[in-house]
Amino acid sequence: MARKKAVKVEADPRLNAVNEALKFIKDGMIVGLGSGTTANLFIAELGKKISEEGLNVFGVPTSFESRMMAIQYGIPLVSLDEYGELDIAVDGADEVNKETLNVIKGGGGCHTQEKIIDYCAKELIIIVDESKLVDSLGENTPVPLEVLPFAYSSVLNELLKMNSAPSIRMADKKMGPVITDNGNMIIDVFIDLNNPEEVEKQLNNIPGVVENGIFTKVDKVIVGKSDKAEILKK
């Protein structure tokens, strides 16, 4: 009888990033809880540390999904109304410039809440796997803009004047555009990001734009690899 070959199960590199990020979470901290698949892994593992090790922290969620995840895993929640400054925020990213550590976020449409909470933190940690690292920001990923619905046409016109390539993000499971947790639309735009700090400001200066997905205030990026995690700092 032929012997079956053992199937090797590859570890998720993101879990190595998550476990490294958890080392920075201490008792008594107020923690910003990011959104997205990698951030969800962090929320799940943080919940385990609370239930199994008695870690005493409070979370501030950045989206409906992260709130539901935190409740599911028993993370006590507070709001920015109670704490205007957080000790730390841990979030994922769609693209990370491996030299500058500037990132693009917002593939899930939550970047407005994410930026508010992430930028309120004393320390912002981004957790990713190696596939999210790029040499030049915006290589493969457009910058998302959350836009007031009645202003989408004027915002598109302003973006075209900036030699960019904008498009309204359309929904997969319903007719019409994607609608954010805040009731707004999303415009995705490919634009020159040689100076992301300046573009971040320029995009937000367009009337009707609520927030954009360029994040330039990252303190650490933790890159999960198959056998370890690497910490990148500015």
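Heads up, the Cβ atoms here are built off N, Cα and C, so glycines get one too.
Its Cβ taken as reference, K132 (substrate binding site) is surrounded by 23 other Cβ atoms within 10 Å in the chains shown. Annotation source Swiss-Prot lists substrate binding site at S35, G36, T37, T38, D91, G92, A93, D94, K105, G106, G107, G108, K132, citing sequence analysis.
The Cβ neighbour count for E114 (active site, proton acceptor), using a 10 Å radius and every protein chain shown, is 29. Annotated active site, proton acceptor per Swiss-Prot: E114, in sequence order, evidence recorded as sequence analysis.
Of all the binding-site residues listed here (S35, T37), it is T37 whose C-beta has the fewest other C-beta atoms within 10 angstroms. On a Cα basis, E114 (active site, proton acceptor) lies 7 Å away from S35 (substrate binding site). Residue annotation for substrate gives S35, G36, T37, T38, D91, G92, A93, D94, K105, G106, G107, G108, K132. The furthest Cα pair among them is separated by 16 Å. For the recorded site, E114 (active site, proton acceptor), the DSSP three-state label reads helix.
When secondary structure is read from DSSP and collapsed to three states, K105 (substrate binding site) falls in the coil class. According to DSSP, D91 (substrate binding site) sits within a strand segment.
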